Amino acid sequence: MPAIEHLRPRPSGHRSGRDRAPGFLGRMRQRRAQRDYEASVLTFAYTLKGEFRDACEYLRVCHYVSVAAGITVRTPRVGEVRVGPPISFTVELMPGQEPEDFRKPGRRMAHTLGAHGLRIEPLAGRWVRLVLLEADPLAEHFGLPPVTAGSGTETVLLGRTEDRTTLGHAIADPAHLAVQGMNGSGKSAFVYGLLAQLCAAPDVLVAGSDITGLLLGRVWDDTAHREWQVVGTHDLEAHAALLEQLVAEMDRRLATIPRREDKITPTVTVPTVLVVLEEFPGLLRAAGAVPKPKSGKSLAERIVSAQLRLLSEGRKAAFRVLTLAQRFEATAVGGGYARDQFALRLSFRVPADSLAMLHGDDARPFGQEHANADPGIAYLSGLGRDCERIRVPHLGDYGEYVDRIQSYGRRAES
Ligand SMILES: Nc1ncnc2c1ncn2[C@@H]1O[C@H](COP(=O)(O)OP(=O)(O)O)[C@@H](O)[C@H]1O
Ligand SMILES: [Mg+2]
């Protein structure tokens, strides 16, 4: 039972007649109701402060101070309590504390107080307001508006945070993207949305490998992107050949970087190449089953080394790699070094250890709950943002994806 329910003060419902001035008894009743209400607010604030203090102590958002009698615990001081809704209270930061320090323990703190989540609003000076969210702000559906970027430098929609900030990203910014999530967690649907936003940009090329053949391939028929995509498992050599062709293009670009510049500026003739690698560990597994040739590298080795070169040198040459995997284990994605190259990381529903594997130990406290997340709910980290829970926009059903790519996908010049 949510603890906060019985803490909420109940304003008295008493009202005198609309037109009649209250008589003596009426005025007494009003005054009494007012007093009762004020007393209940004070009790409520007192109880809330106590529970907040306990939560801070348990979650170690506190200072331990040595005194003669032993150790005492200091927790952040609570100022004004608003009964809401939503319930909120101001807190004075302790020395060395930052508003961000409430983010990680925020959810547990909110649960202790009977709420779903905590929003942190920095105020003037050393004060923050903590707002108790009664419901999951990400439960609401987030449809992808029918927008397409006119250039790779334009921002595309990535998702919406719990405090309703919309996050965007320009594909021309030098970052590779890692997307992990269990089967059915919404990885592919997220990338449908991303590619639908990018498919029309004249300075973006959507290339890549997709053994499922749903994300790339047939959907892209008649667009300029299609010839740079390889799908299915019938010809695994074609996947390695495509990646090697992309590496060759990257090398060609690297050799032509103007002398006074350190990177390629994407244009219509030299577009940003987004290399999508759908179910990459699956591709490696399938390639691993192909017998090794008598001389030279195996198919899997060729794929891994091409991916590694695109990851480590591609940024300067306007190549962006977008790798999808159920788990970003080092062995499944071509090694720890390869994994370290992804600046933007998203995790849809994954087991707790996978979350920490991609986002670091900071994400560990979120692991247990995120292991049951709904499709479309992800943790995002990188590009200057701490690990944050978001809902990604949903394009709709698969038919909608097909329609958008077919309607807006950039056509090959005839
Ligand atoms: N952002 C979202 N919002 C709501 N439902 C979603 C969202 N993303 C995916 N889904 C639902 O989850 C199902 C599985 O998504 P999918 O992208 O195929 O998962 P994955 O690629 O991770 O296996 C989709 O068919 C869709 O019904
Ligand atoms: Mg998928």
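Glycine is treated like the rest: Cβ placed from N, Cα and C.
Remember, predicted model here, so these are calculated numbers, not experimental data.
Database features (TrEMBL):
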- GLY181, MET182, ASN183, GLY184, SER185, GLY186, LYS187, SER188: ATP binding site (BINDING)
- 153-357: domain 'FtsK' (DOMAIN)
- 1-29: region 'Disordered' (REGION)
List, in sequence order, the same-chain residues at least six positions removed whose CB sits under 8 Å from that of GLY184 (ATP binding site)? PRO375
List the residues in the vicinity of the ATP site, defined as same-chain residues other than GLY181, MET182, ASN183, GLY184, SER185, GLY186, LYS187, SER188 with C-beta within 8 angstroms of the site's C-beta centre. ALA189, GLN326, PHE348, ARG349, PRO375
Which residue, of the binding-site residues ASN183, SER185, SER188, has its CB surrounded by the fewest other CB atoms within 10 A? ASN183
Fewest other CB within 10 angstroms, which one of the binding-site residues GLY181, MET182, GLY186, LYS187? MET182
Identify which of the following binding-site residues, namely MET182, ASN183, SER185, GLY186, LYS187, place a Cβ less than 6 Å away from any atom of ligand 2, and list them by sequence position. LYS187
Going by DSSP, is LYS187 (ATP binding site) sitting in a helix, a strand, or coil? helix
Provide the three-state secondary structure of GLY181 (ATP binding site) computed with DSSP. coil
